[in-house]
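To start, the structure itself, in structure tokens.
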Amino acid sequence: MNATSSRAHTIVAISFTQKTLDGSGQSMTRSSVMNLVDLAGSERADSTGATGDRLKEGSAINQSLSTLGNCIKALADQSTGNSKVVVPFRDSVLTKLLQNALGGNSKTVMIAALSPADINFEETLSTLRFADRAKAIKTKAVVNESPTDKLIRELREENQRLMEMLKSGGGEAVSSSGSGGGDGEGSEEAEERMRELMKRNQEEMEAMERQWAEKLAQAQAESQAQIRDKEAVGERRKQQPHLWNLNEDPSLSGLIVHFCEPGSHTIGREAEFQLRGISILPQHATLNNSSDKVTLTPQNGAKVCVNGREVVQETLLNHHDRVLFGNNHLYVFDNPKAAAPSPSPIPTFEAAQAELAENSGVMGLLGDKAKSSSAEDMLLMDDLVKLYPQVQEANAMSEELDRRVRFELVLMSPQGRGLRENEGRTEVYISLTNLDSGNEFFWSKDKFSDRKYLMRDMYQNYMEGESWKLPQEKDPFWEPADSPLLIGTCHVYLQSLAYLIEVAESFSVTDFRGEDQGKLEIELRPCDSEWRELGEEFSEPDDVIGQAINFKVKLNKGHDLSPKYAAYYCQYKFYLEDEFTRTPEASKAVNPQFKFEKKYTFKPVTKQLMDYLQNSYIIVELWGRQKDSGKKSSKTTKELMQGDKPKQGAAGDSRPAPAGPAAASAEAKNLKSELDTLKRKSERNEQKIKQLQTLVNEARKSGKDVLQVDKVDKILSATAASSAPPAVNKGGKGGAAAAGGGGKSGSSATKAEEKRSEAMGKSTSAACSIQ
């Protein structure tokens, strides 16, 4: 399964009609249907990782494929002579649609898609068995032709056969009559019967041909009448003010025309100009034509937009004005007598939708990007224009069905979705708010589109007076309160680990709107091979390459988080990990205790890893499960919507929405991390200077003027596990020995010592003199 998978079976039916002349010169019609079927592959939930709606879709797909397999098995059994087998075509919609293709008058070809990978062995074997059963089905196809043509052809053939029998003396008829061994009287009776039969056949053929001719003439007359009506409408459109429809499909635009004759005209469900659908009232609006000046007046608070702006009072319509009634009925007003001398561009559906989106404030989500011409920003604007009317439609259905939810458009940057800046583009999401509890959820475009079709089915049943209420788990407007919700993210820079310096801070959690949602207490602790935390030393990154590095990542607890969540958990990916590392769920509100720790060991440290530590960060995601208060307001959905203001960063909100954590400046966070690392290095250096000063002071007190290099090196070493100052060698003899053995000490120096000696000069002694 991939991100663009439709997760559906697709059936394309192509109808063929062939008209030919038979042997007698009569027209004959043959018809056939070709079904092109793309079956969605079966899938295992544990391998795809599907959840929520995708999991339900996968389950439905597997169930329909299982039913198809049962039908194929039953048909194969019938082909072997077992006529008692019942084929379960009615067990699924898929098999109902394919009933004729599988077991009727048809020829069927199946192409099985297989995977050569060994990890898909079970799926491949199952597909091969499926195809093998399908191969056992035997169908018998015959030519399809029109029932009328077929009957006429059969009558002609019958008459032809009877004529041939008469010419041959009617012997066949005589023998079949069973009268007296073929005497003359029986022969005459048989001939008379044949003539009567031929006469009736001829009369039936003439009646059928007459009916066919009458139907053809009637159809031609109706076609001519439609052409005349269309021409008359075209002439009226050149003279009278009128409204004509705009449709997403250009071929369907202009097919509906309402003429505004002088006087008043009503628009609505129960009006002169009838409109059906969401948010259309029985008396929705009134058109008034006075001396070819047409005004539009909304009725009873009905939703009417002119040129993308909602109107609430009488409005004069101008030539080529765009008028929206409710949420879906989009029209263009034409007034030929008021048209400009030079023809203006004809309004298009896309331009009208863009106009509606712009005037609604939804384009304000883009900020400065609204004026951008980059491909990415153009895609974003296109998504907003397409989704805005769909969101409005969903809100209208929620209002009429009293589903107590509100939908809004929001933009989420890659950082706001828990990704890095270069891992995607800003995308449009749909925010769903439960108007009773205030819980908020975010749906992707695909999820919203899937749910919207189910909402339309529910609304259609409601309009037709059928049972429309569904169980909660099947309600397209419902989202469980305990669905995981990404609260926000924080970036933990790893530069300190490259210097083997610990990090222990409270990091701010920022949501996709750029708002602070609380803090997470996180630690990065470098350790030795025994997992003891290192002291106050630090190391240069180049010195760590090729060595082993051990450290712990600790997620301790959260601070000042929202109390509306019943449980929290964190997750992150480190370095080359494909799967998220996830903490256990913590149920304590406001300040949850995670107490999570994970150990990491890398041996040896590569340059790639060191570059990652120095220049990158881990994104810690904070997720929560919201509480379900169970309370329900006495207000209707419409009243709740009117009192509920759009959230910051949603369509309709006048405040500019930040792009997510990037709005807080990732560069500033990176600089802060570098400054913190430098500060810790400076503190450690000051500590080492103090330790060296202590060592010098103790040596002076003991009357010694020489320090051993290894004692000093324990302080300067970046990888020592202990931070305690080394003891001073108080014996003069030892000091002299150290001084005298300078040449030998260089051969046994560590890599760090060699680098330090090289930096200080080749002639540096292995002992330090106190100046």
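Note that Cβ sites are derived from N, Cα and C of the backbone, with glycine treated the same way.
What TrEMBL records for 168-184 (among others) is compositional bias 'Gly residues'.
Within the same chain, residues 244, 257, 259, 334, 336 sit at least 6 positions outside the compositional bias 'Basic and acidic residues' (227-238) and bring their C-beta atoms closer than 8 Å to a C-beta of that stretch. For 227-238 (among others), the entry in TrEMBL reads compositional bias 'Basic and acidic residues'.
The compositional bias 'Basic and acidic residues' annotation in TrEMBL covers 629-647 (among others).
Marked as compositional bias 'Low complexity' by TrEMBL: 649-668.
The compositional bias 'Gly residues' annotation in TrEMBL covers 731-745 (among others).
According to TrEMBL, the compositional bias 'Polar residues' annotation covers 762-771.
Counting residues of the domain 'Kinesin motor' (1-137) by DSSP class, helix then strand then coil, yields 63 helix, 24 strand, 50 coil. Taken from TrEMBL, the feature domain 'Kinesin motor' covers 1-137.
Under the heading region 'Disordered', TrEMBL lists 167-194 (among others).
The annotation region 'Disordered' is assigned in TrEMBL to 214-239 (among others). With DSSP classes pooled into helix, strand and coil, the tally for the region 'Disordered' (214-239) is 24 helix, 0 strand, 2 coil.
Taken from TrEMBL, the feature region 'Disordered' applies to 629-671 (among others).
Positions annotated as region 'Disordered' by TrEMBL: 719-771 (among others).
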